[in-house]
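First up is the structure itself, then whatever we jot down about it.
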Amino acid sequence: MLKEFEIEPLLKDKAPHQIKAIVAMSGGVDSSVAAALLHNLGYQVIGVTLQLYGTDGNANARKGACCAGQDIYDAKRVAESVGFPHYILNYEEIFKKEVIEDFASTYMRGETPIPCVRCNQTVKFRDLLQVTKNLGADVLVTGHYVRRLEKNGEVKLCRSIDKSKDQSYFLFATTQEQLKLLRFPLGGFYKSDIRKLAKYFSLQISEKPDSQDICFVSESYSKTIAKLAPQSVQKGKIVDVNGKVLGEHSGIVNFTVGQRKGLGIAHNEPLYVIKINTENNEVIVGPINVLMQKKILIKELNWLEQPKEGMEVTVKLRSSHAGSLATIHSTDEKNKACVILNDDYFGISPGQACVAYKGEQVIGGGWICS
């Protein structure tokens with residue numbers, strides 16, 4: 001059966017039995033299959049699972065999470081049944097600082113965060129790659145649905161074959177230096193293939209559901225953020241674009257740009273959240289046309305391929321976005337760029353990522369400022 005599931009060699013100049021591969025295991029089906037597949041192909045697999053949160057008992061009970069409690073046990077159980085070593089590293093303090101606190105502070109700036117990108121950018125890639133080097137391993141392998149294509153020494157990050165599972169949006173902050181050591185063996189398969197492989201390898205987690213939403217949010221977003229930043233639930237005013245008071249809100253944590261439901265305002269036309277003014281603790285609302293825009297400013301740029309001035313690309317403005325045609329332009333501000341969409345787009349949210357593609361290839365991107 002394994003002949004149906006061929007993958008690119010992890011390294012061109014070494015045989016599998018000569019290659020030590022660190023596999024980041026979350027306890028889910030994807031990373032477990034990646035580890036089992038490589039082990040069966042003869043690679044020296046070492047499984048590593050990060051304990052990221054949940055030792056206080058608050059976060060690890062939610063179904064569909066990862067990297068805590070049951071998931072760590074599942075990863076260890078897979079390693080034992082397949083027959084490769086497995087280690088658990090406690091990264092709770094780093095995760096709290098780099099991801100959870102950033103999540104809360106981003107909300108407090110009136111933005112909508114994507115903690116999964118920050119986690120990949122810092123804990124999972126930056127820190128795990130250092131672990132990979134410290135252990136004298138050749139590569140770091142993950143179960144992400146994304147493809148790494150290498151030709152003539154040039155490495156490209158591309159969308160997964162399975163577009164419904166593609167995770168390239170969440171990996172835009174990966175650097176060329178990191179890609180030298182990273183490998184994504186599942187990018188050329190469909191999720192249904194991975195389920196088949198899980199059963200073929202007799203993995204106990206073959207029917208385990210996919211992880212959903214943000215792993216450390218055990219309750220609602222608002223309740224989680226309220227615990228991290230109590231000031232986010234202070235009452236304030238809801239005003240229109242001219243400053244007229246229309247009502248009162250119970251905390252900015254309950255709102256995000258583009259939101260319509262839950263405003264609690266009776267008005268002669270539908271109103272949407274236009275902006276969250278954290279300085280005045282105000283939620284600014286207005287008609288839908290105010291939320292339609294073409295020009296986007298992005299910061300903290302990461303280019304896997306440096307775009308030329310006015311380069312035509314397709315951009316994704318949220319993970320579920322199919323993509324919009326746009327051009328990329330330089331600005332006078334350091335480490336910022338301007339993206340001009342061909343057509344108006346509704347509800348562009350500061351704090352989200354703007355990821356640029358050239359066909360299937362990820363060019364790079366940045367965080368939306370405005």
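Using the three backbone atoms N, Cα and C, a Cβ is placed for every residue, glycine included.
Keep in mind the model is a prediction, meaning the values are calculated, not measured.
Copied over from Swiss-Prot, here are the features:
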type	residues	note
ACT_SITE	Cys119	active site, nucleophile
ACT_SITE	Cys215	active site, cysteine persulfide intermediate
BINDING	Ala24, Met25, Ser26, Gly27, Gly28, Val29, Asp30, Ser31, Leu50, Gly143	ATP binding site
DISULFID	Cys119-Cys215	disulfide bond
SITE	His144	site 'Interaction with tRNA'
SITE	Gln352	site 'Interaction with tRNA'
Minimum Cα separation from Ala24 (ATP binding site), reported as the residue among recorded positions His144, Cys215, Gln352 that achieves it: His144
Residue pair Gly28 (ATP binding site), Gln352 (site 'Interaction with tRNA') - Cα distance, angstrom, rounded: 26
Ser26 (ATP binding site) versus the residue listed as 'active site, nucleophile' - Cα distance in angstrom: 13
Cα distance (Å, whole number) from Leu50 (ATP binding site) to the residue listed as 'active site, cysteine persulfide intermediate': 13
Secondary structure of Gly28 (ATP binding site) (DSSP, helix/strand/coil): coil
Top Cα neighbour of Gln352 (site 'Interaction with tRNA') in the set of recorded positions Ser26, Asp30, Leu50, His144: His144
Among Ala24, Met25, Ser26, Gly27, Gly28, Val29, Asp30, Ser31, Leu50, Gly143, the record's ATP binders - longest CA distance, Å: 16
Top Cα neighbour of His144 (site 'Interaction with tRNA') in the set of binding-site residues Ser26, Asp30, Leu50: Asp30
DSSP-derived class (H/G/I helix, E/B strand, else coil) of Leu50 (ATP binding site): strand
